[in-house]
Each structure stands twice: as C-alpha cells, then as structure tokens.
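Lifted from TrEMBL, the feature list:
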| type | residues | note |
| --- | --- | --- |
| BINDING | D:R86, D:G124, D:T125, D:R126 | phosphate binding site |
| DOMAIN | D:11-139 | domain 'Exoribonuclease phosphorolytic' |
| DOMAIN | D:157-224 | domain 'Exoribonuclease phosphorolytic' |
Protein chains: 6
Amino acid sequence: MRNDQRQVNHIRPVKITPDYISHPEGSVLIEVGDTKVICNASIEDKVPPFMRGKGKGWITAEYAMLPRATEQRNIRESSKGKVSGRTMEIQRLIGRALRSVVDLDKIGERTVWVDCDVIQADGGTRTASITGAFVAVVLAFGKLLTKGTISKMPVIDYLSAISVGVLSDGKEILDLNYQEDSQADVDMNIVMTGAGEFVEIQGTGEEATFSQSQLLTMLQLANEGIEKVTEYQKETIGALSDRIGETVT
Amino acid sequence: MRNDQRQVNHIRPVKITPDYISHPEGSVLIEVGDTKVICNASIEDKVPPFMRGKGKGWITAEYAMLPRATEQRNIRESSKGKVSGRTMEIQRLIGRALRSVVDLDKIGERTVWVDCDVIQADGGTRTASITGAFVAVVLAFGKLLTKGTISKMPVIDYLSAISVGVLSDGKEILDLNYQEDSQADVDMNIVMTGAGEFVEIQGTGEEATFSQSQLLTMLQLANEGIEKVTEYQKETIGALSDRIGETVT
Amino acid sequence: MRNDQRQVNHIRPVKITPDYISHPEGSVLIEVGDTKVICNASIEDKVPPFMRGKGKGWITAEYAMLPRATEQRNIRESSKGKVSGRTMEIQRLIGRALRSVVDLDKIGERTVWVDCDVIQADGGTRTASITGAFVAVVLAFGKLLTKGTISKMPVIDYLSAISVGVLSDGKEILDLNYQEDSQADVDMNIVMTGAGEFVEIQGTGEEATFSQSQLLTMLQLANEGIEKVTEYQKETIGALSDRIGETVT
Amino acid sequence: MRNDQRQVNHIRPVKITPDYISHPEGSVLIEVGDTKVICNASIEDKVPPFMRGKGKGWITAEYAMLPRATEQRNIRESSKGKVSGRTMEIQRLIGRALRSVVDLDKIGERTVWVDCDVIQADGGTRTASITGAFVAVVLAFGKLLTKGTISKMPVIDYLSAISVGVLSDGKEILDLNYQEDSQADVDMNIVMTGAGEFVEIQGTGEEATFSQSQLLTMLQLANEGIEKVTEYQKETIGALSDRIGETVT
Amino acid sequence: MRNDQRQVNHIRPVKITPDYISHPEGSVLIEVGDTKVICNASIEDKVPPFMRGKGKGWITAEYAMLPRATEQRNIRESSKGKVSGRTMEIQRLIGRALRSVVDLDKIGERTVWVDCDVIQADGGTRTASITGAFVAVVLAFGKLLTKGTISKMPVIDYLSAISVGVLSDGKEILDLNYQEDSQADVDMNIVMTGAGEFVEIQGTGEEATFSQSQLLTMLQLANEGIEKVTEYQKETIGALSDRIGETVT
Amino acid sequence: MRNDQRQVNHIRPVKITPDYISHPEGSVLIEVGDTKVICNASIEDKVPPFMRGKGKGWITAEYAMLPRATEQRNIRESSKGKVSGRTMEIQRLIGRALRSVVDLDKIGERTVWVDCDVIQADGGTRTASITGAFVAVVLAFGKLLTKGTISKMPVIDYLSAISVGVLSDGKEILDLNYQEDSQADVDMNIVMTGAGEFVEIQGTGEEATFSQSQLLTMLQLANEGIEKVTEYQKETIGALSDRIGETVT
C-alpha cells in the first residue's frame with residue numbers, strides 16, 4: 001500500500017474541466033490528484049521564421065509554475081530573468097510530444113501556442129501538462145473546424161503521459177505523487193499514443209540504476225495508466241472524439 | 001446604461017474564494033466580473049538585506065498574467081527575460097499599498113511574499129489584485145495567529161482598490177471593464193482603507209486631461225465602490241474580521 | 001518655516017537654460033533648487049513598429065541619473081543590465097504626460113525621443129524632468145518649423161509638473177526637496193496643463209494615508225506651483241510661445 | 001549497409017587521448033568517428049551552497065560546441081547571452097549520469113566540474129561527452145589518489161553512453177552519425193554502467209512513434225555498443241581500472 | 001591648416017570647472033573644444049572582494065555617453081541591457097591609467113569610483129575623461145586630507161591623455177576633433193605622466209597601417225599636447241598641486 | 001636567461017596545423033609554446049545590417065577560452081550570460097587587425113567570421129589568435145578561389161602579432177609566457193604587416209610606466225619576432241603565399 005492508499009498500478013483521480021479560461025481557442029484545467037494545471041491552446045495565424053513558406057504549421061509549448069504551486073515558494077522565472085534548465089526541458093518535451101500526433105501539413109501556416117501553467121503541484125506536473133495540453137489542442141482545433149478555417153481534425157491519435165518509478169525498496173509504481181517522487185530511485189516519464197505506441201521515454205536513475213526487468217515492469221504499468229488517462233480525455237473531448245484520425249484514413 | 005447594463009456607480013459582481021491553493025499560508029481566487037486573479041501570500045522567516053537587524057518585517061508583491069489571460073496572447077515575461085514597466089509599476093503599487101495597513105513592527109523579521117497571478121483579464125486586474133491580496137495576507141496572518149507565531153493580528157485596517165474613469169462622452173464611471181477601459185479618456189485607480197482614507201491615487205489622462213470637478217466625481221464613485229468591495233472582504237475573512245486593528249487600540 | 005526657509009506654498013528657484021547641448025533638436029538644462037536635469041529632445045524620422053502606417057507620430061521618454069547625482073553613489077543601470085522599476089515608472093510617466101499635449105497627428109511619422117538625465121538630485125527630479133522636457137520638445141518643434149518640416153506648432157498647451165506632500169506633522173507643502181521628501185508621510189506628483197487641467201495625479205502614502213481634505217489642500221498648492229513654473233517655461237520659450245495651441249484653433 | 005559502410009550493430013572507431021590539456025586534473029580528447037570532444041575534469045575544494053555542510057561532494061557538467069563544430073556556424077551562446085534549452089538538457093544529463101556512478105560521500109566537500117567542449121560534431125556529441133567525461137573524471141580522481149587527498153577511488157562502476165535509433169525504413173541502428181541522425185524517425189540515447197544497468201534512457205520520436213518491439217531491439221543494440229565503448233575506456237584508464245568499485249567492496 | 005584653423009601641433013581650448021556637481025568627493029566638468037565630460041570621483045569605504053584583506057585600495061572607472069551627446073542619438077546602454085565593447089574598453093583604460101599614478105597602499109581599504117559621463121561629444125572623449133578624472137581624483141583625495149582620513153596625498157604624479165593621428169594625406173596631427181577622427185587613417189591615444197613617462201599607448205590603423213617614422217612624429221606631438229594639458233590640470237588643482245608626489249619623496 | 005631558458009629576443013616554438021577542424025572554410029590549430037588556439041574562419045554569404053548594399057564584405061572575430069584553458073577554472077561566459085570586457089577588447093582587436101590587410105571591396109557582400117578558441121593558455125593568447133586567424137582566413141579565401149567564387153586573393157599583406165614587455169628588473173623581452181606576463185611591469189601587444197608596418201600598438205603599464213627608450217627597444221624586439229612568426233605563416237600557407245597582394249599590384 002502506498003502513502004495515499006493506492007495500489008502500485010493505480011493512477012490518481014483525474015478531472016479535466018474544459019473551457020476553463022474564456023479567451024483561448026482551447027482551454028482546460030486538468031487535475032491529477034492534487035496537481036492542477038491550466039492548459040491553454042492559442043492559434044496564431046503565422047509560423048516562426050524557420051517554418052515560413054513551407055505551407056505547414058507548428059506547435060510550441062511553454063510551461064511555468066506559480067511561485068507558490070509548491071510547498072516552498074520558488075523565485076519567479078521572470079524575476080530571475082531566465083528560464084531554468086528544468087523548465088526548458090519540460091516545455092521542449094510538451095511541444096515535441098504534441099507535434100508527433102498532429103498533422104502539421106493540414107493546419108496551414110499557423111502556430112499553436114500551448115501554455116501549461118501549474119497552479120498547484122503534487123508530482124507529475126509534466127505528464128499532467130501533456131495530457132491536458134492534448135485536450136486543449138483538440139478543443140482549439142474544434143473551434144477552427146466550427147469556423148470552417150480547417151475542414152478536417154488534424155489530430156492523428158490520442159496522446160497522453162504518465163510517470164512510473166522505482167521506490168527505494170525496489171517496488172515499481174505508477175503515477176508518483178510528490179512524496180513518492182522525492183523518494184524514488186528511478187523516475188520515468190512515458191508519453192504514448194492512443195494506439196499504444198511510444199512517443200517519448202525519459203527514464204532517469206539519479207544516484208541509482210535500474211535493470212532491464214525493472215524497465216519492462218515500468219513500461220507495463222505505464223501502459224495501464226495511459227489507457228485510463230486516455231478514457232478521461234475522450235470523455236472531455238466528447239463528440240470531437242470521432243474526428244480524431246480523420247486526416248489519416 | 002453601460003455595455004454590461006450597469007449603472008455608472010455599480011461595481012461588477014465580486015467573488016472571493018478562500019484557501020484556493022493548498023500550499024500558501026494565505027490563498028484566494030478573486031473574481032471581479034470576468035477578471036480572475038489567484039492571490040497567494042507566503043510567509044518567509046527572513047527579510048531582505050536592506051531590512052535586516054531592524055526587528056521588523058517586510059511585504060513585497062509580484063504580479064503576472066498568464067499569456068492567454070487576455071484576448072491576444074502576450075509573450076511570457078520569463079521568455080523575454082525581463083519584466084515589463086507595466087508589471088513593475090503594478091507590483092510596486094500592490095506591495096506599497098499592503099505595507100500601509102500592516103504593522104510591520106509586529107511581525108518580526110519576516111517577509112510576506114504576495115503573488116498575484118491573473119488567470120483571466122477583463123479590466124481592473126491591478127485593483128482586483130490589491131483587494132484579493134489583502135484577504136490572502138489576512139488569512140496568512142490568521143495561520144500565524146493559530147500557530148502562536150504572532151499574538152495579535154498585525155493588520156491595522158481594511159484595504160481595497162477600485163478603478164474609476166471618464167468615458168469619451170465625459171461621463172464618470174466606476175469599476176471599468178476591459179472594453180470601457182480601452183475607450184476611456186481618463187483612467188484612475190484608487191486604493192483606500194476601510195476607514196475611507198486614501199492610500200494611493202493614480203489618475204492618468206493619456207491624450208486627454210480632466211478637471212477638478214471630474215476628479216471629485218470620480219473620488220465619490222470610488223468611495224462607494226470601495227465600501228461595497230470591503231463588504232465582500234469582510235465576509236470572506238469571517239471571524240478574523242474582529243481582530244483587524246487590534247494592534248492599534 | 002521649512003528647512004530651506006520657504007513658505008509652504010513657495011517653489012524653489014527655477015532656471016531653464018535653452019540650447020544647453022549642441023546636437024539635439026531641443027535641449028535645456030533645468031535647475032529647480034539644487035536639482036539639475038539635462039533634457040534633450042531628438043527627432044527621428046520614423047515611428048516604432050506598433051505605430052507604423054498610421055500617419056501620426058510618437059513621443060517616448062527615457063530617464064536616468066548619473067551614479068553620483070545623489071548623496072550615495074548608485075550603481076549604473078547599464079552595469080546592472082536592467083532598468084529599475086522606479087526608472088521605468090518615471091520614463092513612462094514623462095512620455096505619457098508629453099503625449100497628452102502634443103497633437104501627434106500633426107507631426108507625421110516621426111518619433112520624439114526625450115532624454116532626461118539628472119546630473120544632480122535634490123528631490124523632484126521627475127517633475128523637473130517633465131517641466132524641462134516640455135521646453136525641449138517645444139524647442140525641437142521650433143527647429144522643425146524653421147526648417148519647414150512642419151507648418152504649425154503641434155503643441156496644444158503648456159505642460160508642467162510639481163510635487164506636493166504632507167509632512168509627518170500633518171502640514172501640506174509644495175515642491176519638496178530631498179530632505180522633506182524623505183520625511184514626508186504623503187508624496188504626490190501632479191502634472192497639469194497651462195489651462196489648469198490635470199494630466200496625471202500620483203499620490204502615495206507609504207506606511208501612511210491621507211484624507212480628502214488633505215488631498216484638496218495639496219491640489220490647491222499644486223495649482224499655485226504649476227502657475228509659477230509655467231511662467232518660467234514661457235520666458236525660456238520666448239516667441240514660440242505665441243504658436244502654442246495653433247493647431248487647435 | 002549504412003552510409004559509412006557500417007553494419008547496423010557497429011559503432012564508429014573510438015579514440016580516447018588522455019592528458020590532452022595540461023591544466024585540468026583530468027583531461028581527454030575523445031573521438032567517435034568524426035565527432036571530437038575535449039572533456040576536462042576540474043576539482044574545486046568547495047561545494048555549491050545547497051550542498052554545504054553535508055560532508056559530501058558534487059559533480060556538475062557544462063557542455064558547449066565551438067561555433068563551427070557543425071556544418072553551419074552556430075551563434076556563440078556567450079554572444080546570445082543565454083544557454084539554449086538543448087545545451088541545458090545535455091549538461092544536466094551529463095552531470096546526472098556521472099553522479100550515478102560516483103560515491104559522493106567519499107570525496108569530501110569538493111566539486112568536480114566537467115567541461116565537455118565539442119570541437120567537431122558528427123552526431124552523438126552528448127553520448128561521446130559522457131563516455132569521455134567518465135574517463136576524465138577517473139583520471140582526475142587518480143591524481144587525487146596520487147596526492148593522497150583521497151584514499152580510495154570513489155568511482156563505483158564504468159559509465160558510458162551510446163545512441164540508437166530507427167531509420168525511416170524501420171531499421172534499428174547503433175551509434176548514429178549526423179546524416180543518419182537527421183533522417184531518423186526515432187532517436188534514443190542510452191547511458192549504462194559497466195555492469196549493464198541502465199542509468200538513463202531518453203527516447204524520442206519527433207513526428208513519429210515507436211513500438212515496444214522496436215524499443216527492445218534498440219536496447220539490445222545499445223547493450224552491444226556500450227560493451228565495446230567500455231573496452232576503450234578501460235584501455236585509456238590503464239592501471240586505475242583495478243581500483244574502480246573499491247569503495248563498494 | 002585644419003578644419004578648425006588649428007596648427008597640427010595645437011590642442012583645442014581646455015576648461016576644467018572644479019566642484020561641478022555637489023555630492024561627489026571630487027567633481028569636475030572638463031571641456032576640450034566642444035567635448036564636455038562630467039568626471040565625478042566617489043570614495044567608498046570598502047574594496048571589491050578580490051582586494052579584501054590586503055590593506056590597500058582600488059580605483060575603478062565607469063564611462064558613459066548621454067544618448068544625444070552625439071550627432072545621431074545612441075541607444076542608452078541601460079535600455080540595451082548591456083555595456084558595449086567600446087564602453088568596456090574605455091572604462092578599463094581609465095581605471096588602469098589612474099591606478100598607475102595612485103599609491104594604492106596609502107589609501108586604506110577604500111575604492112575610488114570614477115564616473116565619466118560625456119554630455120557632449122566632439123572627438124577625444126576618452127582622453128578628456130582621463131584628464132578630467134585625474135583632477136576629480138585629486139580633489140577627492142584633497143577632501144580626505146582635509147578631513148584627516150589620510151595624511152598624505154597618495155597621488156604620485158600628474159596623469160593626462162591626448163589623441164594623435166594620421167590624416168589620409170599622411171599628415172600627423174594632435175588632438176583630433178570628431179570630423180578629423182572619422183577621416184583619420186590612424187588613431188592613437190597616449191596617456192602620460194607629468195614626468196613624461198608613458199602609461200598607455202593605443203594606436204590603431206583600421207584599414208590602414210603606419211610606419212615607425214610616423215609613430216615617432218605622433219609621439220612627439222603627444223608629448224607637446226600632454227605638457228599643455230598638464231598645465232590646465234595644475235591651475236585647477238591649485239594648492240593641492242604641491243602635495244602631488246609627497247608619498248614617494 | 002628567462003624562466004624557460006630563452007634569450008630576451010627569442011620567441012617560443014610556433015606550430016601551425018592547417019585544416020584542423022573539418023567543417024570551416026579555413027581552420028588551423030596554432031601552438032605558440034604551450035598556448036594552443038583553434039582558429040576557424042567561416043564564410044557567410046551576407047553582411048551585417050550596417051554594411052548592406054555597399055557591395056563590400058566584412059570580417060568579424062570572436063574569441064573565447066575553454067574554462068580550463070587556464071590554471072584556475074574560469075566561469076564560462078555563456079553561463080554568466082555576458083562577455084567580459086577583456087574578451088570584447090580582444091575580439092575587437094582581432095577583427096580590426098584582420099580588416100587592415102583584407103581588401104573588403106574584393107570579396108563581395110560576404111562576412112568572414114573568425115572564431116579563436118583558446119584550448120590551452122600560457123600567455124600571448126591574443127597575439128597567437130591573430131597570427132593563427134590570419135592563416136585561417138587565407139585558407140578560407142583559398143577555398144573560395146578554388147571554387148571560383150572570387151578570382152583574386154583579397155589579402156594585401158601578411159599579418160601577425162607578438163607581445164613584448166618590460167620585466168620588473170627593467171629588462172625588455174619578446175613573446176612573454178604566462179609567468180613572465182604576470183610579473184611584467186609593462187605589457188605591449190604589437191600587430192604588424194609582412195612589410196613591417198604597424199597595424200596596432202597596445203602598450204600598458206599597470207601600476208608602472210615606461211620611457212621612450214624602453215618603447216623603442218620593445219618595438220625592435222617586436223620587429224624581430226614578427227619576422228620569425230611570418231615565416232611560420234608562409235610555410236603553412238604554402239602555394240597560396242604567392243597570391244598574397246595580387247589585388248594591389
């Protein structure tokens with residue numbers, strides 16, 4: 001039994017509130033246990049310089065935490081005047097992951113800006129961000145479909161993420177909360193598609209290592225978690241669900 | 001009649017949700033019409049270098065907007081690597097205003113960090129921030145009282161803020177929403193105490209000017225608005241209300 | 001009697017030296033008591049990106065202090081690599097104030113850069129900057145008139161600024177010097193036109209508050225001060241004085 | 001057959017030149033095919049603030065490329081005034097990986113600074129950096145052993161890294177050069193110990209995904225590659241090889 | 001004859017106004033032709049970290065230009081957020097030159113901050129800065145002598161600077177104004193002591209070169225110029241002149 | 001006899017390895033004693049904004065040191081987020097010196113980027129950089145000649161640099177190593193052409209001065225050194241040697 005009474009293969013309760021903020025084309029509040037992230041997707045009618053003239057779009061992501069999303073207050077990155085290495089890693093990950101399931105050729109020279117702002121953190125903020133951002137992006141494209149700006153949903157498949165890890169007693173667990181995360185020997189974030197393909201695997205053993213057998217157990221747990229998370233995404237997306245994948249069939 | 005059917009002397013609906021984020025000592029979500037700001041107050045057990053050794057505390061504030069709190073997405077200040085002049089003005093204003101009603105001699109060498117993060121903007125974000133931040137600070141001190149860290153509520157009086165302005169037709173109005181604000185000739189932010197004293201007056205006529213008579217009408221409107229906003233603060237604060245002012249009597 | 005023997009409603013001696021620096025289109029040294037500011041106005045034949053194609057001009061201001069303009073040496077902002085919040089507030093104020101009395105539609109797509117550099121400080125540097133900058137801008141437009149670049153003086157009315165405050169004994173005073181400013185409970189900067197209209201009111205009671213009656217006394221003092229300062233401006237401007245307002249009549 | 005005539009499971013020639021630069025405690029030039037990285041390890045007799053007073057050491061890494069290490073000249077990060085997200089990710093990875101095989105409790109309050117400077121790039125610069133950095137660190141500790149500063153080699157096991165990937169034809173390959181890397185659908189970097197345990201797995205499919213079966217094939221290839229690379233490290237390290245692991249037995 | 005009717009070996013009129021700004025320990029306005037520089041010397045009762053505990057002092061200099069000191073307005077370095085290479089070169093030069101004639105062992109652990117702010121530029125701003133800064137430093141030490149903080153004038157010898165150059169017609173000239181400077185093939189700045197020793201020689205032929213014979217002619221001209229400039233310094237310094245060199249005799 | 005057994009007028013062994021890095025158009029490793037610098041010259045087919053439309057080219061240089069090129073590890077300038085004054089001075093010097101011997105009118109609107117990266121430092125890194133950079137630039141132009149992009153070698157004359165100095169015993173010496181440099185009273189860097197003309201003279205006596213007679217002795221030593229260094233350049237350049245100067249004859 002874990003510190004919050006979960007089984008090793010249980011994820012925390014997930015709640016995704018659509019249309020959370022009024023201005024963005026797509027917006028959700030995703031709650032995974034006590035982790036809460038506002039994910040906004042904005043459509044801009046141009047692409048960054050390196051993409052111009054190719055007739056295709058781009059997706060980029062930014063990630064931040066409110067200073068007091070955490071137990072100890074963090075210095076605001078705008079005050080420090082620079083973005084930390086951790087933030088950069090996470091926002092590069094979110095953008096890369098989303099691009100793997102969006103048909104950028106079908107959205108014209110547009111940029112989707114995804115903003116993931118963690119307002120409360122209890123572990124798994126980057127995986128919650130990816131899961132929530134996916135829904136925000138689908139909602140944003142839904143708005144473009146309604147307006148007739150695009151004619152097909154350019155999203156190829158579902159995308160979500162979950163963490164797995166190995167506790168110091170060697171036990172593999174799914175969806176670590178902050179307390180577990182800070183005690184784990186191994187921390188791994190897995191991003192997968194609805195079809196069960198891998199998009200990203202990032203496994204790290206700081207001051208520890210892990211075996212191939214532990215890796216396989218973690219991948220199996222991740223697979224179970226991703227399936228459940230995908231269900232929550234489907235519910236939130238509703239009718240738009242039927243249109244996912246329509247550009248590839 | 002105004003664009004949202006209000007009378008000139010009516011404020012928008014105010015809703016203050018206490019204990020909104022779990023980690024901070026004091027936390028509220030304040031909603032003033034469609035403007036939504038998370039105000040968190042954090043207590044740190046030390047003061048900045050210029051205050052050390054004086055046996056008294058300090059209050060400082062930071063203000064930010066989510067990139068898509070507004071109709072058009074704004075570039076994140078952490079990405080730009082610097083804080084804008086507008087942000088600096090607002091956070092200096094919030095900190096200064098709060099310090100005017102807190103008895104810094106009574107809190108020991110502690111810093112209160114106030115973070116106002118606008119998640120949705122529809123005008124009046126700085127005044128909503130001050131109003132919400134005041135409640136967050138009272139709640140945070142309430143927690144110190146409960147723990148016995150301090151023995152008296154170090155808050156001298158209520159503090160809240162409201163905007164007033166003059167529309168291009170010369171009409172003075174109270175609590176401008178974004179559409180009104182962008183069309184107004186004169187924009188004025190007023191910070192007042194519960195006792196009706198001024199803490200700050202910041203009135204600006206960009207490409208316009210205003211007369212003493214208009215000024216007096218605006219001050220009268222502000223006074224009415226502040227009284228109503230203070231009522232919302234009292235309700236949220238509840239029993240702690242009785243302790244405000246106890247260090248000065 | 002005040003620390004420099006002035007009555008409460010007396011301003012310090014004002015001296016405005018025109019054509020102080022040779023290169024700028026308009027240049028003055030303004031001295032208000034021991035406060036000395038070089039105000040240069042430069043005309044650039046283009047506007048910033050957000051103003052392009054509108055057929056009108058722009059005015060922007062920058063403000064700085066020599067490191068040893070003050071009793072204690074300040075670190076140079078170029079060495080710190082960023083401009084302080086105080087500097088930003090002041091330069092935004094100067095630019096905004098000047099724009100309120102210039103008919104930007106009449107100057108074509110040009111930018112007026114106003115540089116206010118405080119070489120010696122004794123309180124009231126921001127108000128002296130506004131007063132001096134106004135003269136520098138008029139002189140710069142005078143040069144454009146002489147060259148025939150523009151045909152009418154695009155300045156609608158006089159513009160000047162003065163500080164008022166409340167000392168800790170509750171006495172309201174006009175034009176605070178540094179010693180008074182550092183002891184005052186309330187500090188207010190007022191920007192007015194020659195016609196006696198308000199352009200900006202910025203009143204602050206750090207760790208203090210003020211009543212409506214005190215406000216009205218301060219406004220009355222400010223009015224007296226502005227009238228005297230405007231006289232000094234008229235003298236310096238000389239014959240160009242007759243052309244102020246000619247675009248609106 | 002690959003573009004440089006290798007089999008899918010062949011690594012490029014590896015050459016590690018010890019004592020390449022004279023000043024650092026440990027220094028190597030590592031060449032993996034046409035990729036060349038100078039890896040310097042410097043011992044500093046203090047630890048960063050967050051580690052002070054714990055009686056243990058720290059390892060941190062920095063990574064950079066000469067502007068013309070690549071086909072197109074890159075702007076120098078010191079000129080841009082900030083380190084890119086890619087650089088941050090890589091230097092965090094190198095430091096984390098090294099810390100997993102060093103017994104930080106046995107080196108006292110010292111910091112090992114590892115500098116990996118790519119002077120010529122042809123793919124796999126981060127994995128070559130890890131492999132070379134490991135040797136530089138062992139050489140630096142060797143110098144401390146000789147001087148008697150420490151009495152046991154604080155390195156627990158070998159550490160090296162290799163890349164694997166999937167080409168667009170679905171073929172899994174080992175140790176990608178630049179041309180292969182830029183065409184690959186999947187790019188994975190694996191860091192392993194001499195004992196065959198995983199330290200880091202970072203697999204990414206930008207605009208592509210990969211299956212569990214492809215993952216297992218890649219892990220197998222990585223395993224073969226790591227074994228060969230470890231041999232090159234052993235040769236370079238020479239007699240110090242016998243002392244690796246001596247703190248844990 | 002030159003563009004301002006001078007002979008090749010004539011310097012421009014020099015005027016040094018002492019006690020120009022009231023706050024600094026030493027302050028002058030130096031005018032060399034139309035070049036005007038405010039030189040302030042501030043005494044701080046501590047030294048930078050790298051000098052602590054050595055029982056001796058330090059001199060450092062900063063240099064800046066008002067944006068409109070020049071014909072074209074320059075962007076303020078504080079706005080750019082960094083100091084240009086040219087500024088760095090000049091301020092390093094000024095500091096280094098002053099340190100060569102001050103007996104740092106005799107001033108205790110104090111820092112002399114020298115600020116050279118060019119308010120109007122017409123060539124030779126760095127040499128005028130050095131010449132003026134020397135006087136400001138002597139005046140500042142004079143104040144320390146008067147207060148009894150130090151007992152001997154710690155200045156070993158006079159220090160001044162002048163420019164020389166070669167025009168495109170091959171003619172060597174002394175003390176170039178801006179127009180000459182922008183047309184010269186060779187530009188050389190010479191810093192010398194009162195005793196005629198060299199402190200710095202910086203000669204540059206951008207897109208041009210110079211011979212040893214030209215060099216010797218330039219050095220001869222510089223020598224003549226330095227002698228005259230030193231006379232102006234002596235006059236300004238007055239009675240303190242007798243004390244220069246008293247620590248070395 | 002000097003600390004490395006050289007005569008006062010002897011330079012250290014020079015070795016220039018051409019084509020050191022594969023990607024740049026021109027690349028050398030220059031070794032002067034224990035000082036080692038990688039000099040890469042890259043040709044870019046455009047010029048910076050201030051040079052556009054003039055039909056001529058530009059040469060600019062950047063200089064950096066590996067953190068552990070020196071006895072003590074230096075903080076990486078990309079980590080500090082800014083380039084030091086020393087680095088700026090050196091890279092401005094290198095660029096200026098190279099431009100004096102290249103016929104920029106003959107290279108079209110192209111920029112030559114010269115990168116000098118010191119991998120090991122033992123004094124004289126800036127002079128070694130200039131000497132090596134010259135060869136890299138010639139090799140890069142050689143590549144353009146071979147490709148037929150330009151038809152004549154646009155290099156007018158040889159260019160190299162050497163240091164001279166005065167030891168504390170008053171002895172003038174040629175080509176100072178680090179130990180000598182750190183003890184010298186006077187440090188002078190001389191850049192000369194193959195024809196023996198001066199391009200730059202930068203002589204500095206920090207906390208010391210020098211006489212005209214010492215200057216002349218140093219210039220004589222520099223002359224001898226430059227001649228020898230030029231020979232090494234000729235050897236490396238080989239057949240291209242014959243084409244130097246062909247645009248001017």
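Cβ coordinates come from backbone N, Cα and C, glycine included.
The shown structure was predicted, so the numbers you read here are calculated from the model rather than taken from an experiment.
In sequence order, D:Y63, D:I90, D:V118, D:A121, D:G123, D:T127, D:A128, D:S129, D:N189 are the residues of the same chain, not among D:R86, D:G124, D:T125, D:R126, whose CB sits within 8 A of the CB centroid for the phosphate site. Between the candidate binding-site residues, D:R86, D:R126, the densest Cβ environment within 10 Å is the one around D:R126.
Its own atom aside, the Cβ of D:T125 (phosphate binding site) has 22 Cβ atoms within 10 angstroms in the protein chains shown. The predicted model assigns the domain 'Exoribonuclease phosphorolytic' (D:157-224) a mean pLDDT of 95.
In sequence order, D:V32, D:G33, D:T35, D:I162, D:S163, D:D175, D:L176, D:N177, D:D181 constitute the residues six or more apart from D:G124 (phosphate binding site) in its chain with CB-CB distances below 8 Å.
Across the residues the record lists as binding phosphate (D:R86, D:G124, D:T125, D:R126), the two Cα atoms farthest apart are 13 Å from each other. Per DSSP, the secondary structure of the domain 'Exoribonuclease phosphorolytic' (D:157-224) breaks down as 19 helix, 27 strand, 22 coil.
Within the domain 'Exoribonuclease phosphorolytic' (D:11-139), the DSSP-based counts of helix, strand and coil residues read 40 helix, 41 strand, 48 coil.
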